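J.: Sharing a structure with you now.
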């Protein structure tokens with residue numbers, strides 16, 4: 001038995017300089033697991049609750065001392081002595097202890113920090129790398145990365161309404177080459193922007209944040225960077241967008257202020273479809289407002305056979321909402337963010353439900369990250385096939401890519417990289 005003998009929560013900083021929660025879990029053997037939780041900027045209204053102090057005299061009200069206190073007192077009193085290897089039992093204990101449908105009492109940032117730290121401790125105790133602890137001998141597929149090389153929307157202070165413009169190196173033979181491909185495109189894009197007198201400062205997720213005139217112009221420049229780096233768009237590299245449409249949906253219309261457009265749901269579906277006809281776009285995330293289910297039905301009907309339509313704010317890693325979407329034929333993919341739901345067990349349940357329904361699952365970071373690389377291990381352990389963890393800069397993003405390199409090295413010849421086949425539910 002891997003009995004938990006001590007648990008310590010603390011307030012640390014994330015990549016935006018805002019407080020977040022870190023947790024240490026100590027086992028009877030002396031083994032320790034440590035984990036830190038991320039935080040989002042554009043958030044779905046149905047996400048599990050991130051508990052903040054609200055004390056304006058500390059960190060502008062964003063302190064997390066209440067969540068830390070919940071770990072050090074109430075959660076500690078409940079889980080001390082429990083077996084760390086019983087992840088599902090421990091997570092359900094946390095869920096029941098909280099007693100709300102959205103972790104509002106203890107805070108999802110408290111429950112997730114504990115859940116992750118327990119898993120790390122148990123893996124260490126078992127002498128297993130974390131990805132192997134999660135997935136057993138079956139976890140051997142490296143994910144295709146969605147690399148966010150241009151930031152807009154809530155992630156940057158510029159004129160772009162679409163939040164993320166990403167490249168996906170689907171033509172690579174392995175993850176190592178995919179990472180190199182993304183990095184070379186990133187640096188080529190930097191050269192192009194500098195040559196045009198545009199700023200090469202980066203946004204929250206490490207991508208560039210220039211003031212392009214339109215989404216179309218941004219995509220054209222990215223295509224130029226792909227070619228300049230020596231790759232073929234549409235073959236070696238595909239494109240992906242995160243619209244974060246909930247951020248610019250007002251009064252029943254989609255307001256693309258950077259382009260002076262106000263579009264209905266159907267018109268915005270057509271707008272995105274037109275972009276996909278002009279550029280090799282394979283994935284569109286949150287193409288509709290989280291509550292615009294009629295809009296989601298429309299875009300799924302129009303684009304769902306050829307484009308991966310990812311629900312982030314739509315599904316918030318919640319199996320109850322995902323099941324409703326599956327039953328109604330809404331979207332065809334789910335974004336998996338561990339802090340949207342607050343425990344690893346619930347996270348794995350969402351991934352499994354998606355796979356059973358022939359939906360893809362994309363493991364994701366948040367815009368406020370830490371050096372914690374757990375999501376890299378989750379991506380491989382669950383054979384999710386895709387990961388979204390930012391650009392090719394900022395150490396909080398690179399930490400995940402570097403962990404995936406280590407995992408690929410550890411797996412050796414049994415490691416696989418799916419490339420285009422990861423879009424198994426599309427007809428392209």
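Backbone N, Cα and C atoms are what each Cβ position is placed from, and that goes for glycine too.
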J.: 285, 312 bind Mg(2+) according to Swiss-Prot; which of 242, 251, 327 goes with them?
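T.: Record check against Swiss-Prot: Mg(2+) site with 285, 312, extra candidate from 242, 251, 327 is 242.
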J.: Can you pick which of 323, 328, 355, 388 Swiss-Prot lists for the same (2R)-2-phosphoglycerate site as 163, 337, 366, 367?
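T.: Of the residues offered, the record points to 388.
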J.: CA-CA, which of the recorded positions 205, 337, 366, 388 lies nearest residue 285 (Mg(2+) binding site)?
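T.: Answer for the nearest of the recorded positions: 388.
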J.: Using the structure shown, find which entry in 163, 367 (the binding-site residues) has the sparsest Cβ neighbourhood within 10 Å.
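T.: Taking 163, 367 as the binding-site residues, the minimal 10 Å Cβ count falls on 367.
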J.: State, in Å as a whole number, the widest CA to CA span among the (2R)-2-phosphoglycerate-binding residues 163, 337, 366, 367, 388 given in the record.
T.: 17
J.: Taking Cα atoms as reference points, which of the recorded positions 205, 242, 312 is nearest to residue 367 ((2R)-2-phosphoglycerate binding site)?
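T.: Closest candidate to residue 367 ((2R)-2-phosphoglycerate binding site), judged by Cα separation, is 205.
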J.: Which chain-mates of residue 312 (Mg(2+) binding site) that are at least 6 residues away have a CB under 8 A from its CB, listed by sequence?
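T.: Residues satisfying the criterion: 44, 242, 244, 285, 286, 335, 337, 364.
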